[in-house]
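Student: Annotation comment: Swiss-Prot describes 8-28, 52-72, 75-95, 102-122, 137-157, 164-184, 225-245, 247-267, 275-295, 296-316, 343-363, 369-389 as transmembrane segment, evidence class sequence analysis.
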Amino acid sequence: MNQQKSTFIFILTLGILSMLPPFGVDMYLPSFLEIAKDLDVSPEQVQHTLTSFAYGMAFGQLFWGPFGDSFGRKPIILLGVIVGALTALVLTEINSVGNFTALRFVQGFFGAAPVVLSGALLRDLFSKDQLSKVMSTITLVFMLAPLVAPIIGGYIVKFFHWHAIFYVISLVGLLAAALVFFIIPETHKKENRIPLRLNIIARNFLLLWKQKEVLGYMFAASFSFGGLFAFVTAGSIVYIGIYGVPVDQFGYFFMMNIVTMIFASFLNSRFVTKVGAETMLRIALAIQFLSGMWLILTALLDLGFWPMAIGVAFFVGPNPVISSNAMASALERCPQMAGTANSLIGSVRFAVGAIMGSLVASMKMDTAAPMLFTMGACVVISVLAYYFLTSRNLKSRG
């Protein structure tokens with residue numbers, strides 16, 4: 001019983017760690033207009049603070065993986081969580097959007113450490129079958145963050161100052177750091193640690209870039225995520241600023257998208273062993289493609305809020321299915337470099353998301369069209385990358 005209890009607390013701690021990035025992103029979405037007013041800038045400039053966080057996550061995923069292999073998992077995870085929490089506190093004292101954007105990059109960069117190294121820590125401890133079960137549990141905990149964070153953020157903005165959002169983010173981060181310190185063991189033994197050799201790291205990344213199929217899956221997942229991040233970047237301005245959704249109600253509309261993601265993930269877990277990752281990936285891409293075309297149509301015909309909101313939910317829903325199955329298919333083709341591939345794909349995924357978010361943020365948001373066209377374009381690129389870069393062996397993989 002004690003062993004079961006300690007395992008539960010261990011998994012719960014990792015689940016809380018996995019919640020930190022979505023808390024850092026989703027909780028302050030309802031506050032964009034308030035931040036813009038407070039800093040005397042346009043809402044579009046505030047959007048760049050979100051894409052800056054994503055750029056930090058992209059670079060951090062390349063950086064922290066090798067450091068964790070060299071210096072151990074626990075100290076790097078602690079460093080990332082503590083710096084992220086302290087950065088959230090500093091953000092409450094910032095009165096310049098430029099400094100705010102720079103600090104969000106720092107927060108994303110250090111926030112990547114627990115994301116990358118939690119997975120490595122799990123691989124140190126669990127067998128393949130156990131790992132799958134543990135990851136399913138952690139995913140359920142992770143899904144709570146984007147489900148509740150925008151709702152919490154909306155009520156905080158309604159009743160308090162937007163600074164309070166970052167106090168909460170900092171408090172959650174410090175709580176996570178305490179849990180890591182007292183509960184998480186160091187799993188990467190000193191005799192297994194790998195010295196930092198940049199030439200070997202660079203060589204492995206280059207080898208992956210030369211594998212056509214790996215690129216196909218990577219870009220399929222990355223541009224699917226890019227479409228999602230275009231919505232995350234601009235969604236609050238579109239819903240609140242353009243369609244007049246009350247700030248404290250935005251989280252409930254955002255929740256609709258998370259529910260479709262959870263439902264899609266559930267269906268994937270039920271059927272992927274029966275029909276295969278490749279089939280589930282194709283189905284998810286097809287649903288997202290049709291949803292993307294519908295969103296473009298709603299923009300062209302100005303169909304209003306609900307047709308757009310429902311289309312967004314169906315667009316966002318397949319994203320975890322695309323991501324998980326594309327990742328599994330890519331790693332299957334480079335098992336000897338699975339860690340490097342995981343780091344590279346995660347980095348490219350956030351980089352594409354940041355670029356798409358920056359693209360949307362650079363456009364004038366008088367209507368929802370810039371966001372919707374960007375989402376539609378992303379899924380087109382995703383489908384084309386999958387079709388042209390992985391098509392040679394589709395028949396043999398069935």
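Positions of Cβ are set from backbone N, Cα and C atoms, glycine also.
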Student: Sort out for me which stretch, of 8-28, 102-122, 225-245, 275-295, 296-316, has the most Cβ pairs below 8 angstroms to the transmembrane segment (52-72).
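Tutor: Against the transmembrane segment (52-72), the leading stretch is 102-122.
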Student: Using a Cβ cut-off of under 8 Å, list the residues of the same chain at least 6 residues beyond the transmembrane segment (369-389) that approach it.
Tutor: 212-213, 215-217, 219-224, 226-227, 230-231, 233-235, 238, 281, 285, 288-289, 291-293, 295-296, 298-299, 308, 312, 315, 322, 326, 356, 359-360, 363
Student: Between the transmembrane segment (247-267) and the transmembrane segment (75-95), are there three or more CB pairs that fall under 8 A, provided the residues in each pair are separated by 6 or more in sequence?
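Tutor: They do not touch: fewer than three Cβ pairs between the two stretches lie under 8 Å.
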Student: Is it the case that the transmembrane segment (102-122) and the transmembrane segment (8-28) touch, counting contact as three or more CB pairs under 8 Å in which the residues of each pair are 6 or more positions apart?
Tutor: yes
Student: Are the transmembrane segment (137-157) and the transmembrane segment (164-184) near each other by the rule of at least 3 C-beta pairs under 8 angstroms (pairs 6 or more apart)?
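Tutor: Judged by the Cβ rule, the two regions touch, with the required three close pairs present.
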Student: When only pairs 6 or more apart in sequence are counted, do the transmembrane segment (343-363) and the transmembrane segment (225-245) reach 3 or more Cβ pairs under 8 Å?
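Tutor: They are in contact.
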Student: Do any residues of this chain, six or more beyond the ends of the transmembrane segment (225-245), have a C-beta under 8 angstroms from a C-beta of it, and if so which?
Tutor: 25-26, 29-30, 32-33, 43-44, 47, 50-51, 54, 253-254, 257, 288, 292, 305, 309, 312, 315-316, 319, 323, 349-350, 352-357, 359-361, 365-368, 370-371, 374-376, 378-379, 381-382
